[in-house]
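A short write-up of the structure that comes next.
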Amino acid sequence: MLFKGFIASLVFYVIYYYASTGALDFEFGGSSKTWADKQQEVKDVFLESWSSYENHAWGKDVYHPIKETGSNMGPKPLGWMIVDSLDTLMIMDCPEQLARARKFVKDDLDYHFDYNVNVFETTIRMLGGLLSAHHISEDDMYLDKAMDLANGLMGGFDSNSGLPYASVNLMTGEGIKNHVDNGASSTAEVATLQLEFKYLSKLTGETLFWEKVEKVMKVLDENKPQDGLVPIYVQPDTGKYQGKLIRLGSRGDSYYEYLLKQYLQTNNQEPIYWDMYRESVDGVKKHLVRKSSPNGLTYIGELEHGIGGGLSPKMDHLVCFYGGLLAVGATNGLPYKEAKKLPNWDADKESDFKLGEELTYSCYKMYHDVPSGLSPEIAVFNENPQVKSDFYIKPLDRHNLQRPETVESLFYLYRLTGDVKYREYGYEIFQNFLKHTKVTNAKGEVSYTSLDDVTQVPPPKRDNMESFWFAETLKYLYLLFDDTNKFPLDKYVFNTEAHPFPRFDLGLLHKTDWTRDKPYLKSPQANFKLPDQKIQDTPKNDPKNIPEAAPADKPAIEEAMKEAQKNPEILKDAKAEKKEKLNKMLQDLD
């Protein structure tokens, strides 16, 4: 009898736990918010921000929410805010706002004018946004615009080495060197174009897009970087790296990100990118990972003078993408518990996943341990055991641009583990954004802005809203609180601007047209090969019907439900209207 009572209590707790996290859409008495409620809060903030932009700066590339003014970066709009936000409008089911955005893209946006654009930023935001919008909606207008833009960017690759220049003129197609840094391009920028152009090539059959970005990877790898770690500058004319500075922050970050994501994008059929990724992860562990004092927070430092030159304990908030990346790389997008059962799970993958969790916790602490509850742009971690704080913030690094990298990693880790703590961390961060970045005008209209100093309460406000507030930060928070698991991670890859692309098979037209002189792994294909499964695109013009995956914690739910079926008295305190729904779920399990 005592044992039965213990089991009943345990099962009741499991059911209540999942109900409280929103996994069952099941509520007991009380007024606590469900995760669906919190997801709606994120959508409300998005709509407030969007309405302010629509009312005061519609079509402009830059928005200042305090002055309520906007401007374009060139003589005509590039659609910077609107195109970057298209898939967020679809994911959050905002049909009226989406209709106006689509009309702008169709009628007012063209990429044939005399203006120099940054190749990298235009690719990840504009090309990525158009391609993702096309995939979700199956609207060919977005694909047509993507083709126009991609053709305008092609001239940027016309260097002696094949590496793209920093900028390109949309009208003339002339590639333009960086005006600083001795004309060098940043490594991250030349190596973070591949997902977008490869996906466009797959959609259109135009192999030139594929060949251009594939050559970039070959040229970079011919430098034979030590332990897979690369300097952050590269000369487009020679293809050689410039300087010795190595970091996973600005100008280095997404190089490492796209090594893995290129491998995932083509369903693990290009093992060369797993080889490069594996080498880089081992290099990061060997040279860049350290623990802070006094509490042992894991961080990733910088090598200002290259390998062997001493580690700086400085870490950009940008580095916080890496925790989620490690987790996805270890599991290939499968739930952690499932991935561990596969025959090729090994100590390296386990180590990667744990490092990803530790790093993401450190990034959360960069919010939690700051007076405003919001992260600075850069933190310097403490190595002195006599100092009480694990990190400090330099005066010039105290600003917050509403960046997405931490909530991005929280999203990945929640998806892969089902651990509610990642949602709780994310909601805490969201509440502090709500509290400190809100701007209210005389009419009571609300918007949100970046901040000057997160160490002050209240933090002084800047007057700028980045497009990634719409495209990434709010999107990742919305998906973090979502219980339908839109865009299953074993079927999709998100570009560095949070635009989801479906994975695909190489096919006959596309291939990896190069090999490494000296592969890192004896068996580069040792990672997972998922069963072939066709990605089903969503029905046309139905953004609500996005592909879904089973929750990572589904097996635990099923076990709890089966036990409740044996002991129905466990459910007697549930609300009557919810009991019927739960009983139906029990029947479905039979």
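Just so you know, glycine gets a Cβ as well, placed from its N, Cα and C.
In TrEMBL, annotation is done automatically, which means it is predicted and not curated.
For the ranges 266-290, 441-465, 566-590, the feature annotated in TrEMBL as region 'Disordered' maps to 566-590. Matching TrEMBL disulfide entries to the candidates Cys94, Cys363 identifies the partner of Cys320 as Cys363. The Cβ neighbour count for Glu121 (active site, proton donor), using a 10 Å radius over every protein chain in view, is 18. Comparing the active-site residues Glu377, Glu405 on other C-beta atoms within 10 angstroms of each C-beta gives the minimum for Glu377. With a cut-off of 8 Å between CB atoms and residues at least 6 apart in sequence, the same chain places Ala188, Asp316, Leu318, Val319, Phe321, Tyr322 near Asp253 (active site), listed in sequence order. Between the C-alpha atoms of Cys320 (disulfide bond) and Thr496 (Ca(2+) binding site), the distance comes to 12 Å. According to DSSP, Glu405 (active site) sits within a helical segment. All protein chains included, Cys363 (disulfide bond) registers 31 other Cβ atoms within 10 Å of its own Cβ. Residue environment of Cys320 (disulfide bond) contains 29 other Cβ atoms, counted within 10 Å of its Cβ in all protein chains. Nearest neighbour of Glu121 (active site, proton donor) by Cα distance, taken over the recorded positions Glu377, Glu405, Thr496: Thr496.
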